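Below you'll find the structure, written out as structure tokens, and then a few comments.
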Amino acid sequence: MSAKKLFIQTLGCAMNVRDSEHMIAELTQKENYALTEDIKEADLILINTCSVREKPVHKLFSEVGGFEKVKKEGAKIGVCGCTASHLGNEIFKRAPYVDFVLGARNISKITQAIKTPKFMGVDIDYDESEFAFADFRNSIYKSYINISIGCDKHCTYCIVPHTRGDEISIPFNIIYKEAQKAVEKGAKEIFLLGQNVNNYGKRFRNEHKKMDFSDLLEELSTIEDLERIRFTSPHPLHMDDKFLEVFANNPKVCKSMHMPLQSGSSEILKAMKRGYTKEWYLNRALKLRELCPNVSISTDIIVAFPGESEKDFEETMDVLEKVRFEQIFSFKYSKRPLTKAATMPNQIDEETASRRLSTLQNRHSEILDEIVKKQENKTFKVLFEELRAGNSIAGRTDNNFLVQVEGSEELLGQFKEVKITNAKRMVLYGEIV
């Protein structure tokens, strides 16, 4: 019997990418589906959604409306992920042609969902931490691995605890076996995923070996033929000295750290319920620079959070100047349902929010120009992962710079030393040496 066709669109973060891989694995290996990039020939159309900001939620309904217009007769549409979790039955009301809704904490139910009319699985307390998913990966050379699900932080602006539930760690033996299996199949790099990865080990479903995130990194680095370990996202509150020292000293841990700042104002951080101050954040970031001079630090910043004054915004700019981030993901505050910040007084007007975002981004562009210029004539070890137009190939350095050289398919999955000849903001161009 010929395979049915599956089309999947993934919005949002790396955790959504891994969730999509899990659903693809379940459907291709258990339900006789094969992936297609042509939505018109698909028997099943999935969209895996994000709800961190308002814009992706609006995008969901425009996308599924488009799916309905082009899908073939009898094809099913499923809405999955975080927006599915928080909108639930509202999706059926607004888009009655959707066949099932599957929340971010319920993706193991995908084979049940496709067989049940108007199936809705949105239980954020459902525990998938020990579910044995079938195996599928978009990349041979890099493997995403979940180490926890959910989040306990309840930051006042964030909807994630309402869509992914409380935090629970995945047992070490499951993580280790998954990493080992990925390496045996050709992975050179593993990418550990969780809302707060460095809070790992605080709570498991059952009794398991006591282990924190630093211990996990050390244990995984013993896997033979594993070259690199990356992770996202750590929480600044849990960046103790042990963690920073393991990060700096373990040669398999990539020297790229995502440190979500959100705001440089201690008052705004308190209102956000982030659990740390500006001083704590700077202490950790600057200690990291001291321990690991070649580290690249990226961050998330929200401008115009309710009550943010010009002085508060200047505190954020001050952290930008002191840390000099290699990369920032910056946004205007987006009011999200179910969050405390949505009903806070002193919401900031659009004009002020746009001005602050432009000021932040423009200054960071200047800093980034200075940073990338210093990379010229340096030599980096690069893992090549992606073919590009014009007989070019791209990969990443240990500290996460994107590098492009002339090259072809045989370089995929290989490490090569590359000398940088021309450094741009988004790409470092170089030559293999």
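Just so you know, glycine gets a Cβ as well, placed from its N, Cα and C.
Taken verbatim from Swiss-Prot:
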{"type": "DOMAIN", "residues": "4-119", "note": "domain 'MTTase N-terminal'"}
{"type": "BINDING", "residues": "Cys13, Cys50, Cys82", "note": "[4Fe-4S] cluster 1 binding site"}
{"type": "DOMAIN", "residues": "137-370", "note": "domain 'Radical SAM core'"}
{"type": "BINDING", "residues": "Cys151, Cys155, Cys158", "note": "[4Fe-4S] cluster 2 binding site"}
{"type": "DOMAIN", "residues": "373-433", "note": "domain 'TRAM'"}
### Query
Cα distance, Cys82 ([4Fe-4S] cluster 1 binding site) to Cys158 ([4Fe-4S] cluster 2 binding site), nearest Å?
12
### Rounded Cα separation (Å) that holds between Cys50 ([4Fe-4S] cluster 1 binding site) and Cys151 ([4Fe-4S] cluster 2 binding site)
15
### Query
Which one of these binding-site residues, Cys13, Cys50, Cys82, Cys151, Cys155, has the sparsest Cβ neighbourhood, judged by other Cβ atoms within 10 angstroms?
Cys13
### Message
So, three-state DSSP: helix, strand or coil for Cys50 ([4Fe-4S] cluster 1 binding site)?
### Response
coil
### Task
Work out the three-state DSSP category of Cys82 ([4Fe-4S] cluster 1 binding site).
helix
### Message
I want the residues beyond Cys151, Cys155, Cys158 whose C-beta is within 8 angstroms of the mean position of the [4Fe-4S] cluster 2 site's C-beta atoms, in chain order.
### Response
Lys153, His154, Tyr157, Ile159, Val160, Pro161, Gln195
## Note on the structure
Here the Cα-Cα span from Cys151 ([4Fe-4S] cluster 2 binding site) to Cys82 ([4Fe-4S] cluster 1 binding site), rounded to a whole number of angstrom, reaches 13
### Query
What mean pLDDT does the predicted model reach across the domain 'TRAM' (373-433)?
97
### Task
Please work out the number of neighbouring Cβ atoms within 10 Å of the Cβ of Cys158 ([4Fe-4S] cluster 2 binding site), leaving out its own Cβ.
22
### For the domain 'TRAM' (373-433), residues assigned helix / strand / coil by DSSP
4 helix, 35 strand, 22 coil
### Query
If one measures from the C-alpha of Cys13 ([4Fe-4S] cluster 1 binding site) to the C-alpha of Cys155 ([4Fe-4S] cluster 2 binding site), what distance in angstrom results, rounded to a whole number?
18
